[in-house]
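Take a look at the structure below.
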Amino acid sequence: MSSAIKEVQGAPVKWVTNWTPEAIRGLVDQEKGLLDPRIYADQSLYELELERVFGRSWLLLGHESHVPETGDFLATYMGEDPVVMVRQKDKSIKVFLNQCRHRGMRICRSDAGNAKAFTCSYHGWAYDIAGKLVNVPFEKEAFCDKKEGDCGFDKAEWGPLQARVATYKGLVFANWDVQAPDLETYLGDARPYMDVMLDRTPAGTVAIGGMQKWVIPCNWKFAAEQFCSDMYHAGTTTHLSGILAGIPPEMDLSQAQIPTKGNQFRAAWGGHGSGWYVDEPGSLLAVMGPKVTQYWTEGPAAELAEQRLGHTGMPVRRMVGQHMTIFPTCSFLPTFNNIRIWHPRGPNEIEVWAFTLVDADAPAEIKEEYRRHNIRNFSAGGVFEQDDGENWVEIQKGLRGYKAKSQPLNAQMGLGRSQTGHPDFPGNVGYVYAEEAARGMYHHWMRMMSEPSWATLKP
């Protein structure tokens, strides 16, 4: 056990306020499956996260269909930094800091819409849709030398900070770090598992039902880890009542069984992970109903998806109930087709942004089924959403204590059992009820926090 985690019963904890790389590396022991609880509750660690994780990772902002036309925008966040995602005249997408360069006021105060320009409501500095400063009130009178006629103020130098932007099959990501690897390299061997939802048809995907937002008083890593690695909670106690309530009335509840067949994937690099059931459609039926279940597992759409993704070797029609996280805060549920962004709000709170994604050429009836069932199950008041939120909130409450942060947490399930060479699924794969992907996520978190240079951190 690493020295930073090791705790002799009754001995004092060594609290760290200046987190050195060595101290950070001691917070996560992937070889023994141990986590220091302070990673969820320490303010100074969180401040480092904003710089070293959220300042260097590819972060999901939304879907291309959120900004279909020139001037369409979505105001969102990268970490705690407000940004604007805008469709350009050439149909590209730009992302820039939602901050006026004069006194720092937001230049866009609407959640979404269409604009020809963005004007700061404080002093009226105006920016075009590319983020270029185009108008400053009293520019000549206030900034120029009237006697010499020389104006040392150059508007071209005072646009908001621009982020790198890249898309993957409809999803829009951005990154502040010019040294970070490109998006496809960053996603790495997780891409086939993303494609199960994103690339089922040549028509691609479309976001429906708007963006739902709510706040949960918990650390962002609890949410990210659950979608990365934790089928365990769904197969034990957390969601059983909701699943049983969704079983069709004609079925005999005494015959209901917890799924036992499935797998989990850990990315070779990057902290990404996924899990899914195989040949266990009962959970999908209980959550999404018979129409969505049939659409995903049978018929022309399912056959097309399996053919289209045949190069992966994965039996995509047999994969149900999938969960996935692209580190750090992009999470989604293929088959349920719900996407989440966990915006951090300090070490003890997240703002959840969620939307539903469907095949663009799916029948209207199927799109409506997805929309309706996602509201019922995965909205702020959804059947399963309330279960998850309650668990995360209660954990975070406990971490206010001194002793609660002094005992290492167990992440040992399936330790050493995952391996490459699975006959159906690519990459490092193990049993569905495991924590290999969680260990990968926390190990990558530890590396990003302790390795400032991409020379050592890169894939």
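Backbone N, Cα and C define each Cβ position, glycine as well.
Quick caveat, the model's predicted, so the values are computed rather than measured.
What Swiss-Prot lists as [2Fe-2S] cluster binding site is Cys100, His102, Cys120, His123, and the listing cites sequence analysis. Per Swiss-Prot, the feature Fe cation binding site maps to His233, His239; the stated evidence is similarity to another entry. If you look up Swiss-Prot, you'll see 58-156 marked as domain 'Rieske', on the strength of sequence analysis.
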Taking the mean position of the Cβ atoms of Cys100, His102, Cys120, His123 as the [2Fe-2S] cluster site, which residues outside that list, in the same chain, have a Cβ no more than 8 Å away, listed in sequence order? Arg101, Arg103, Gly104, Met105, Ile107, Tyr122, Gly124, Trp125
Secondary structure composition of the domain 'Rieske' (58-156) [DSSP: H/G/I, E/B, coil]: 10 helix, 38 strand, 51 coil
One should report the C-alpha separation between His123 ([2Fe-2S] cluster binding site) and His233 (Fe cation binding site), rounded to whole angstrom, as 52
If you count Cβ atoms within 10 Å of the Cβ of Cys120 ([2Fe-2S] cluster binding site), leaving out that atom itself, what do you get? 21
Cβ contacts of Cys100 ([2Fe-2S] cluster binding site) (under 8 Å, same chain, 6 or more positions away): Arg106, Ile107, Cys120, Tyr122, His123, Trp125, Tyr127, Pro160
Distance from His233 (Fe cation binding site) back to His102 ([2Fe-2S] cluster binding site), taken between C-alpha atoms, in Å: 49
Over the span of the domain 'Rieske' (58-156), how high is the average pLDDT in this prediction? 94
